[in-house]
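Notes for the one structure printed next.
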Amino acid sequence: PCVCFQGCDASILLDDPVNGEKEAIPNNNSARGYEVIDAMKAALESACPNTVSCADILAIASEQSVSTLAGGPSWAVPLGRRDGFTANRTLANSNLPGFNNTLDRLKNRFSNVGLNTSIDLVALSGAHTFGRAQCLTFTSRLYNFTGVGDTDPTLNTTYLEELQQICPQGGNSSVLTNLDPTTPDGFDNNYFTNLQVNRGLLRSDQNLFSTEGADTIEIVNRFSSNQTAFFESFVESMIRMGNISPLTGTEGEIRSNCRAVNSATIRSNSDAALVSSI
């Protein structure tokens with residue numbers, strides 16, 4: 001659900017071979033389903049043109065994927081966002097949480113966007129209770145954790161063997177496996193139960209529980225024993241994330257195609273550049 005981590009302006013949806021965020025390291029071949037957003041946008045433009053932004057569509061789709069499709073909590077999505085004009089791959093690479101991040105790095109990246117470094121971090125990480133990850137995101141834990149051909153000591157040994165079967169050394173790095181091996185398609189608190197027995201798929205996940213003395217350990221334990229507490233915190237954190245630097249009022253635009261800025265915007269920007277150069 002980190003569609004708003006760069007700011008809720010639908011910048012991730014823009015097709016841009018140079019600056020596009022789809023190709024940023026945390027997103028490339030990981031964030032998917034853009035064609036679903038395209039279909040939603042086409043239907044909305046047909047029914048009520050120039051009314052619903054791509055940014056709001058993403059926010060609504062996130063809520064529906066959790067509540068309707070996966071059995072998780074529902075919430076009233078705050079609306080009124082507008083779409084940005086540009087993407088920023090460099091910023092996405094430096095700001096988005098990474099699959100090998102230490103806990104300190106994760107906390108830094110959450111703090112940078114105004115999110116809480118304990119409850120927001122753990123609750124939003126809980127979105128990994130469903131979804132898939134490519135082998136390339138965790139194979140270093142299986143075969144070369146510290147660069148000397150070793151394995152991650154925080155990885156459950158049985159789980160390690162299972163993952164080595166799915167992702168053999170030197171194999172296809174784009175093969176997908178479940179983020180939550182227990183209930184891979186349901187939104188529940190098993191993600192946290194998995195962390196307690198060292199079955200977190202990504203290093204960034206397991207670090208929430210296995211980092212000595214971390215304040216996130218107590219939260220993992222609480223969410224593992226109380227799914228309602230997780231759901232309530234997740235909803236609050238999703239709303240907070242949805243309020244990261246939204247464009248409102250006359251800022252930005254409402255794109256007619258989520259993959260590109262409106263042609264009128266392009267002309268307007270070109271005209272402004274021409275005027276400034278005269």
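Cβ atoms here come from the backbone N, Cα and C positions, even for glycine.
Feature annotation from TrEMBL assigns disulfide bond to Cys4-Cys8, Cys54-Cys258, Cys135-Cys167. Taken from TrEMBL, the feature domain 'Plant heme peroxidase family profile' covers 6-262. Residues annotated as Ca(2+) 1 binding site in TrEMBL: Gly7, Asp9, Ser11, Glu21. Summarising the annotation, TrEMBL assigns substrate binding site to Pro97. The annotation heme b binding site is assigned in TrEMBL to His128. Residues annotated as Ca(2+) 2 binding site in TrEMBL: Thr129, Asp180, Thr183, Asp188.
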Spatial neighbours of Asp180 (Ca(2+) 2 binding site) among the recorded positions Cys8, Ser11, Cys54, Pro97, His128 [C-alpha, 10 Å]: His128
Disulfide-bonded residues: Cys8, Cys54, Cys135, Cys167 - member with fewest neighbouring CB atoms within 10 Å: Cys135
Of Ser11, His128, Thr129, Cys167, i.e. the recorded positions, those within 10 Å of Cys258 (disulfide bond) when Cα atoms are compared: Ser11
Listed in sequence order, residues with CB under 8 A of His128 (heme b binding site) and six or more positions away: Leu179, Asp180, Tyr191, Leu201, Leu202, Asp205
Number of Cβ atoms other than its own within 10 Å, given for Ser11 (Ca(2+) 1 binding site): 26
Model confidence over the domain 'Plant heme peroxidase family profile' (6-262) (mean pLDDT, whole number): 94
Among Thr129, Thr183, the most crowded of the binding-site residues [Cβ within 10 Å]: Thr129
Between Thr129 (Ca(2+) 2 binding site) and Cys54 (disulfide bond), the C-alpha gap once rounded to whole angstrom: 25
Cβ within 8 Å of the mean position of the Cβ atoms of Thr129, Asp180, Thr183, Asp188: remaining residues of the chain near Ca(2+) 2: Phe130, Thr182, Pro184, Gly186, Phe187, Asn189, Asn190, Tyr191
Entries of Cys54, Cys135, Cys167 which, being disulfide-bonded residues, have CA atoms within 10 angstroms of Ser11 (Ca(2+) 1 binding site): Cys54
Whole-number Å value for how far Glu21 (Ca(2+) 1 binding site) lies from Cys8 (disulfide bond) (Cα to Cα): 13
Local Cβ density at Asp188 (Ca(2+) 2 binding site) - other Cβ atoms counted within 10 Å: 19
